[in-house]
């Protein structure tokens, strides 16, 4: 019994490391000059919340919890407000779609402690004249994880259980289309704002937002450094996996 419990803990640890590995490279691409939107859906209550940031700048906050809606930072350029206003209705529509999907998704209630809650992160880097694309990360009750890359129309799950849910969601053509084209209508405004945020000197007196989980340093001028950062993250996680397997032996 004791050996089985230890083995179970090792499998759980390895699974978590694999989840980190799954998202390591994507997180390496998220920086101070990408648009990041965090969506929180708490089924079955009507509680939805959306926060969109560019680095430390909050450009949009939607909440039906306390009925608040803010768009843009008064201390920043008018472009931030324009981006927030452009994204407002598409994100509201997406929240409703996500609410319907998570409410109709069968999950292990022992893992979710009842009704599942959904956290979604959308990361949009400047398109630089190319077709606008984004990365969508889905987290259901910290138990089911999968990612959708609109640029290559590719889905990736963290484990088999997550894959079952992911496959059902990706078979919804209207939902996939909604994810892919949500940012297209606002891409010109977003690119202009991201370009300005790169050119604007960063304040040294401002405390970073708690939602900014990655480095707040400016985006390097080439993609090589970004790729290097992603691969370093993957390498560190791979080393952790080796230790996990060694302890499991």
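Heads up, the Cβ atoms here are built off N, Cα and C, so glycines get one too.
Remember, predicted model here, so these are calculated numbers, not experimental data.
Look at Swiss-Prot and you will find 1-28 tagged as signal peptide, backed by sequence analysis.
Taken from Swiss-Prot, the feature disulfide bond applies to 37-52 (among others), supported by similarity to another entry. Residue environment of residue 37 (disulfide bond) contains 23 other Cβ atoms, counted within 10 Å of its Cβ in all protein chains.
Note on residue 38 (N-linked glycosylation site): other Cβ atoms within 10 Å of its Cβ, all shown chains, come to 16. Per Swiss-Prot, the feature N-linked glycosylation site maps to 38 (among others); the stated evidence is sequence analysis.
Swiss-Prot lists 66 (among others) with the feature N-linked glycosylation site, giving sequence analysis as the kind of evidence.
When other Cβ atoms within 10 Å of the Cβ of residue 79 (N-linked glycosylation site) are tallied across all protein chains shown, the result is 19. What Swiss-Prot records for 79 (among others) is N-linked glycosylation site.
Reduced to three states, the DSSP call for residue 86 (disulfide bond) is helix. Around residue 86 (disulfide bond), taking its Cβ as the centre, 19 other Cβ atoms fall within 10 Å, counting all chains. What Swiss-Prot lists as disulfide bond is 86-186 (among others), and the listing cites similarity to another entry.
The secondary structure of residue 139 (N-linked glycosylation site), as reduced to three states from DSSP, is extended strand. The N-linked glycosylation site annotation in Swiss-Prot covers 139 (among others).
Among the features that Swiss-Prot reports, region 'Disordered' is placed at 194-227.
Residues annotated as compositional bias 'Low complexity' in Swiss-Prot: 207-225.
Residues or ranges marked as GPI-anchor amidated serine in Swiss-Prot: 225.
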Query raised in the report: If you measure residue 38 (N-linked glycosylation site) to residue 186 (disulfide bond) at Cα, how many Å is it?
Result: 17
Query raised in the report: Within 10 angstroms of the C-beta of residue 139 (N-linked glycosylation site), what count of other C-beta atoms is obtained when all protein chains are considered?
Result: 20
Requested in this report: Can you figure out which of 37, 52, 79, 139 (the recorded positions) comes closest in space to residue 186 (disulfide bond), comparing Cα atoms?
Outcome: 79
**Report entry** Number of other Cβ atoms within 10 Å of the Cβ of residue 52 (disulfide bond) across all protein chains
**Finding:** 25
